[in-house]
């Protein structure tokens, strides 16, 4: 995962946390912030209100109630709210860290345990690599339970820096002029609003990613030391000194470009896809009355297309996360490549000239989605393992 997850528009998000299997989130992506309800969950106003169920007065959106900062951390409670977000993010990050740790070791190709023979749904014998739980148990046997949290400190600092950066940017560049998408808008108007809001989110995501990426690099390198049992990167300050001495300033930003590209594609893909789903699939005849369908025949029904289709934006988010997973994989591999650690050198990995070289190599090997699954991991056809 990266230092922070891309922030999808509030109306386009599902209710799931960042995908650990696809973006370490991938995240999804593999972050700590949970999504908010999709726009499709909120029933759009009916074309006419039922007389027995008068339409409630329009309420100002959460963004308008935020004040100048455009977020919950505005006004007198800004420091408290921001500290709460940092604390909640730290808790989720700590709980999900073993998942990210195992995922990274799989991404770099470290398979310390042999595969086991199993059967697929067709009854054929196949080789399965150890799942997350088996891998985590192995780490505990080698390093103890505390070993599952190797590299956690720089990751916590990275996520906290990302959260603070977002809050500061909302104060400096308040999103007051961004209008919320309404189903009263025509297609052209609503699309313009989506583009404007996504552009604003992209700016925040790119800036926070760039500022937090050096700590992300340190965290990745601390974790992959498990492969060669090294102790080169032991603390944040000492790691900063080593990277600057050996690789210069650019050493803190290796793997940044694929992460940025993945974030941008994820944001635009999710927001635009959710927008078109809401525009073409959501039935505008569903009212916002307590019953659901606002019509004379059935004013109190609990069934409506909006309720049934509210899963689509969340599904779209997961699908886009899987499509952008190769960017996450390449970015993480570049962060540890040729840094003096065994996991970033042959035979685990060639020395890549650029992230494009890494992408092409993984593509030829059929490994662009390596580590995207942590439960059912079949041995690929090109693997050195074979059935006896």
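The backbone N, Cα and C atoms fix where each Cβ goes, glycine too.
Sequence annotations record features per position, and here TrEMBL assigns compositional bias 'Gly residues' to 15-33.
If you look up TrEMBL, you'll see 1-74 marked as region 'Disordered'.
According to TrEMBL, the feature repeat 'Solcar' maps to 81-176 (among others).
According to TrEMBL, the feature repeat 'Solcar' maps to 192-280 (among others).
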For the repeat 'Solcar' (81-176), residues assigned helix / strand / coil by DSSP: 65 helix, 9 strand, 22 coil
Local confidence of the repeat 'Solcar' (192-280) - pLDDT mean: 93
Residues in the repeat 'Solcar' (192-280) grouped by DSSP into helix, strand and remaining coil: 79 helix, 0 strand, 10 coil
